[in-house]
């Protein structure tokens, strides 16, 4: 299979009518071969697209004879001349031309591939992952990877021009207290000890600020050993930034320009600055989510007051007992939801903890609802005014504790929008969410844990609440949300060792524990640490949204399954006893122990 | 320590006489404070350099009073006006000006740092690594990291413009047979199984070629659990490329232009193309090394023939027994080496296995040498002619088996050049070394192992030697050498599954073993694999040479020691029993077993 490799002159997809009469050399894969009227037609594919090649005995008998032997996915090199095509194919960029082959060199043969190399092939994802190298031949997958590469390049050049230095932080680090579960790496040279793979370069990028690097970035692999969801992978890629001598406004300013650049250069979409902002509190109250999708309305409205006095006990007693009743108005879409549809929406609400879903339709000025009878006319009018109810609307109610009401209605508005086909993937709505709570109470450990991470600074005006009401302390933290997905987040960091020590105390660490776990950071903070903060984006998720894919595996070359395995290489795998012995470990599965 | 953060107008090192009379705001670290004649002088440092700030009671008493409290490495913000300096400092880029402070904001205090923040501080490397965040404040270290970032950016943009796509390959992969020792990562979800961290993205980049990506690159962390040398780290960074439909000439062509671009844009040095080439055989014969430093001569000359008949038994019997006698002529430097010096050179030769070092000096047409008496005048004249011996020269001889002669003399010429101060770090000499042997015989395992890796293609004209004389087969492999360091290497790959299977057979694998270890690659090769090849550069080493550093740790932000530990964070460390249990492993140190 050593055949002549001619110097390629063109990529297949780049040829067009201006090239007519040129002598060209192309390489690629056989997409399809058809024998028709004494001629052989081959659709040749490379990274740039398809090109029709014609083999004609009268032009080259040798090429024609070889062409008779080739099949799908053969790798060939063709030398020939560009002609205007008899029957043009308007669906193909190269559809105006075809190549009459003068030479054919078969560079490699191919067995019949187990999956079709076309975008609309319906085949199990497991088979696609097993033969990933064939799956990646599909134009959509190639374009996703090319697009991803482009995004990374835009980001890198923007940040470099803005004075950011790309610094590589280590992959073999210490296990992190206060994070997700680490992947561990046994050390051979230090028996019994382990490295961890980084969940993020957080501590190192802060140390780089202590080092006076001032502006750092990195596009870097991070690792979390957590159970996987559709948009999670054991290893994922972050665009990671950190800046010194800045407050939140400075970081938002740089990142808005970055996002504007990405949308413009990658998608030719103009993002108007400033990007809209919303406090965490407002996001929760209006959208029932800290990452609201603001492409559509259906906002949450608090109707606790107007329903408090009603005869509908479910509502009035909830409010009396300190709970809430909130509603969303599916304005103008009342006739799209039958009773059966509403019952299925109730099932959705129940998966988020709601005990039920009350509803009202307004049909020709008339309220149609199983619960209408419990309201006086005045109460009803008051209620409808509050939710802006008009003919044609459907109003959905949930009554419960704060968290359940917001969680259930937040997801319901998404579900309704999805059913109404309002989630337009071509529309991109960005939103900054700010003023997150600094802490969350962990009922399991019965202590406060950091909502972002323990290095996030409290807001200056809330610092004194750390002693009295930690749950009320807001953080200098911000997320950037795109179409209901958190694509990035960050914070201004604590940069005083005293405040950092205090934070650890609030998290329930003794001074000794804090120094054992984070001593080198507390020590570093003593030697002149500048004010600093940063942000990290999830590159996989960002690319997934921008390519309008539903699954993160569509934008990763060699992803892992939900079970964290690679179906192509069968990683992870068993290893030799000798390797384990060198690492001073042995396997102890649950059964054996 | 919450102090006002004014909007910075300038970086310290960028101010000059054109800024005189401007109101400016700068941030930075206090390099030095001097109180002199009722004024306080502060050298303020940021990433760009130093700037002199003057505090004068008459301008601002408040700023002056605060300035009296600040010390080294305090973090401050200064607002003030730029003035022409009374006594200019020509050693400082900002030496023509100084700032008279109107406002001083102390952003953070600093304890006395355990190491000085200046390049000429002499302190143990261990202390520097423990306080790496302070060590990285030194201008030389900051410049190294900035330079490294610049190199990566130049490379990425060059390759992107040349049609290469950056694709991220996985970090959690399968353990590699036939490589160095892997770092292993136990899988929690698949008890008893392990991932390995990649030694290189070799197999994945080849699979990307099978996928039709055509041109791939990545700047990527790789891992090898080997004992460390001065220029090795457990994790290191590769610039990794792969191309389809190419032969060696295509790869060399792209990479020559890449190197030319790097030298031009990073150092403003013009590299003349084509870069010099040399076969492995020629490199070994002329320089005793497969990575010759060609900044200087002292080439190896084979004198086996002229000495064969001499009366010097060490030489003649070596040649008679199939060995070699080779010489290097230290032309013109004879008088730089005393007998004592030569004795110490002999010690160097002995560390590479030589039994001794013979020598001749030519002093005023006279041969001075302990072995001269064993040669007839004709033999001597013949010998000197062969090595171009002239008055003032020193000629060094080693007689032994091929490997020892070349290894010893190859290192001797380096040692001599070092002692003569001929290794000019400002001179950059690039060299392609080609036609490497495909295989090496491993005496331990008594089988052939791949010199590069098992996917390297043999040269077409040598394929039939695979059956008859595997050790003679040359590979389509090439290294790029800079000043005696291998900075990169690559090969054209095998792309036929038959040839790949044959290669595994030569390496001593049964068909079953080959399929167990590399089945997915052999399988992939069946479905239309294009001819392909690539190269990988060691970024750390490249940056080390270009920055003229002697140690690779000088160009890595957070390196590890020879013991693979991080002195800053104390990684690796012991972990909780709970973590090990989740991973189904336990520690089994040698003592316990």
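Placed from the backbone N, Cα and C atoms, the Cβ positions cover glycine too.
So that you can see what the record holds, here are the features copied from TrEMBL:
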type    : residues                                                      : note
DOMAIN  : A:148-559                                                     : domain 'Aminoacyl-transfer RNA synthetases class-II family profile'
BINDING : A:178, A:224, A:452, A:493                                    : L-aspartate binding site
REGION  : A:202-205                                                     : region 'Aspartate'
BINDING : A:224, A:225, A:226, A:233, A:486, A:538, A:539, A:540, A:541 : ATP binding site
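What TrEMBL annotates, mapped onto the structure for a quick look.
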residue : record                   : Cβ contacts under 8 Å, 6 or more apart
A:178   : L-aspartate binding site : A:449, A:450, A:453, A:454, A:507, A:517
A:224   : L-aspartate binding site : A:180, A:181, A:183, A:199, A:232, A:234, A:236
A:226   : ATP binding site         : A:180, A:181, A:232
A:452   : L-aspartate binding site : A:436, A:438, A:475, A:477, A:489, A:491
A:486   : ATP binding site         : A:290, A:291, A:479, A:480, A:538
A:493   : L-aspartate binding site : A:206, A:209, A:455, A:456, A:457, A:532, A:533, A:534
A:539   : ATP binding site         : A:148, A:151, A:152, A:219, A:236, A:237, A:238, A:239
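A strand conformation is recorded for residue A:486 (ATP binding site) in the three-state DSSP classification. The secondary structure of residue A:226 (ATP binding site), as reduced to three states from DSSP, is coil rather than helix or strand. Residue A:541 (ATP binding site) counts 20 other C-beta atoms within 10 Å of its own C-beta, drawing on all protein chains shown. In this structure, residue A:539 (ATP binding site) is part of a helix by DSSP.
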